[in-house]
C-alpha cells in the first residue's frame, strides 16, 4: 500500500492483463474513467454485441477463442457498414478473477486488437454469480454520411454474399454431439467447422469495397435467410435467392449431399459473420474484381425484386422452398 | 410474415420497447447494425459500466430504477470527465422477454435519456440463463484535449466533493436488513437512503465547471477513500482528508452519531456517484461560486500533499484513522 496504488483486485487485474492492450493514446493507459476519441472529420460508427457463456459460446470453449469471438463479431458489423476499425471498449462479467483463464483471454484479445488495428480504449470488469459475459462496443470511422445501411436495396440489384454459409452452425452441432458429430468423421473438416463457430473471420478487407459499391449491406450473424429478410424489410423490397448458389464449404456440401443436414437449416442458422450486400447490376463486375483483389470469396446468390413479401428461396428446379424458421432469435 | 418483417421475438421487442427511445438521427431507428456519431470537432469521450443483478442491484429492485441506474452511473463518469452527454448504446442480457419488466424498464430509460439529453443510439439484446445484466456504453463531447483526467492533482490543491457520501451504502444496508435496517426507523430517511442506492443523481450540471476549474476529477463510485487513493496514485501525489469535513446527509449523520455505522465504513463503500476533484487554491472561490450557481452541494474535505503514500484520513483531534479497506472491489 506504500506505493499509493490501490490494493483492489479489480484494478490489479486490469493493470496486469488489459493495460498492455491499451496502446491508443486516447485510452490513457486505462488509468482513467473514460477514453477519448480524437475528431478526424469522419463519422464514428458504433456497434455493440455481447456474447454469453452457454448462449454464444460453450462453457469449455478456450478463453482465446472467447476473446477473439467477442471482438470479431463487432469487427464484422463494422466491416459490413463500410467502417475502418478505430477501437473498442470491453465490459467483462466474471465469476472470479481466474488468472489461468484471464491470461490467455487477454493475450488473444491483444493479438486480435493488433491484427485488426482496433485497440482497447476502455472497459469495466465486474463480478457475476452467473455465466461469463463479454460485451464489446466497437468504433469505426467512415467519411461523413458514408456508413452503408441495411436500407438502400433496389429491385434489379444483385444479392451477394462473402465466404461460405452454415459452417459455424455445423461446428456448433459437432461440439454438441448428435448426428452431425457422428457423421463428420473427417478430422480436418471437423476442425474447420468448429473453428468457424469459435473464431469468426470478420471481413475487414471488405469495408472500403462495400462503401464503394454496395447499395445495402449487413453482416450475416443470425442466419442468411432471416438477415436477408431484415435487409429487404428495411429497404422496402423483396428478393429471390437461388439456393443452389448459396456458397457452402466442401465439408458442409458433403453433409448436405449425404442428407445429414438440410440446406434450409444452414441458411437459417447463426454465426456466419459473412457480408451480405446488394450491388447495382452495372457495378457487379467492378465489385467482383475489387473483392477478388482483396482475396475474399464471393457468391452471387439472387436478385432484389419489388414487393414486401419475405424473400423466396428456390431450388434448382425453380421450386420455392418454404422455410420453417428464418434465423436464430434470442426470444 | 407477409409484411416482409422478420418474426423474431428479439426484433419485435426492440421495435416495441427501444425504438421509441432512438430519437437521434444517427440511431437509424435501431433498424441497422450500427449507429453513426457525426463529427463535431469535439473529442468523443467514451465510458462503459455494466450493472449485474445481485451485484449492483437487487433482484427485486423495480425495473424503473435498474434502467435509471444503468444509464446514470455512466452519465456520472461523463460529468466527472467534463463531457456533455451525446448518446449511449445498451447491451441487455435477459432471462426472458418479460413484458411486465421490459415495459417499465424501457419507459424509465427513455425518460432519463430525455432528461439528460443522452439518446439511445444502438444496442444488443441477448438471452442469458443467469442474472440480468445491463451494460451501457455512453458517449459525451468535450472540446479537443479538454477531458479532465484523474491525473493532474498537485500539492497544495484543495480536495473537493459534491453532495453527500455514504447514503447509497446505507440504502443497500437497509434493503439487506440487519442493524442499519433496524436502526433507520424514520420512513422518510429510509426512503431517501434507499433512493440514493437505487437511483444515483449524476452531476451533469458539473461537466462544464469541472472542465473550467478542476486539475483532476473522477466520480466516486467504489468508495471515497479508495477513489481518492486512485486519483492520487495516478497523479503521483498524496492527500490529507479531514474526516469531519466529509459531507453526510442528516440521515447518515444520525446513524454515525448513534454508533450504528462508522464513518470509516461510509467512506469505503460504493455507489455515491458524486464528483471528487482537485482545485488550485487560487481558483477555489470562483469554483465554489460556479457550483453554487449550478445548484450543487459542495464540500472542501482536504488538501493534496507531496508523496506517494495512501491519503491520510484524520479525525477532529488530528489523529490519523487507519482504514481496514479503502473501497469496494469486485475481486
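Numbering starts at 1 and runs along the chain as displayed.
Using the three backbone atoms N, Cα and C, a Cβ is placed for every residue, glycine included.
Sequence annotations record features per position, and here TrEMBL assigns domain 'PurM-like N-terminal' to B:32-142. Under DSSP, residues within the domain 'PurM-like N-terminal' (B:32-142) fall into helix, strand and coil as 35 helix, 44 strand, 32 coil.
Other Cβ atoms within 10 Å of the Cβ of residue B:77 (Mg(2+) 4 binding site), summed over all protein chains shown, number 27. Residues or ranges marked as Mg(2+) 4 binding site by TrEMBL: B:33, B:47, B:77.
On its own chain, residue B:33 (Mg(2+) 4 binding site) has no residue at least 6 apart in sequence with a Cβ closer than 8 Å to its own Cβ. If you look up TrEMBL, you'll see B:33, B:77, B:219 marked as Mg(2+) 3 binding site.
Within the same chain, residues at least 6 positions away in sequence whose Cβ sits under 8 Å from that of residue B:49 (Mg(2+) 1 binding site) are B:70, B:73, B:74, B:77, B:135, B:136. Sequence annotations record features per position, and here TrEMBL assigns Mg(2+) 1 binding site to B:48, B:49, B:124.
What TrEMBL lists as Mg(2+) 2 binding site is B:49, B:77.
What TrEMBL lists as substrate binding site is B:56, B:271, B:328. Residue B:271 (substrate binding site) counts 23 other C-beta atoms within 10 Å of its own C-beta, drawing on all protein chains shown.
Listed in sequence order, the residues of the same chain lying 6 or more apart from residue B:123 (ATP binding site) and placing their CB within less than 8 Å of its CB are B:14, B:18, B:30, B:89, B:90, B:91, B:92. Marked as ATP binding site by TrEMBL: B:123, B:124, B:150, B:221.
Annotation comment: TrEMBL describes B:154-309 as domain 'PurM-like C-terminal'.
Other C-beta atoms found within 10 angstroms of the C-beta of residue B:222 (Mg(2+) 5 binding site) number 25, with every protein chain shown included. Among the features that TrEMBL reports, Mg(2+) 5 binding site is placed at B:222.
Reported as a whole number, the C-alpha separation between residue B:124 (Mg(2+) 1 binding site) and residue B:150 (ATP binding site) equals 31 Å. Using a 10 Å radius centred on the Cβ of residue B:328 (substrate binding site) and all shown protein chains, the other Cβ atoms total 16. The average pLDDT computed over the domain 'PurM-like C-terminal' (B:154-309) stands at 96. Summary: among the binding-site residues (B:124, B:219), the fewest other C-beta atoms within 10 A of the C-beta are counted at B:124.
Counted within 10 Å of its Cβ, the other Cβ atoms near residue B:56 (substrate binding site) come to 23, all protein chains included.
Here the candidates are the binding-site residues B:47, B:48, B:150, B:219, B:221, and by Cα distance the one nearest residue B:56 (substrate binding site) turns out to be B:221. Annotation for residue B:47 (Mg(2+) 4 binding site): spatial neighbours B:74, B:77, B:78, B:81, B:137, B:138, B:140, criterion Cβ-Cβ under 8 Å with sequence separation of six or more.
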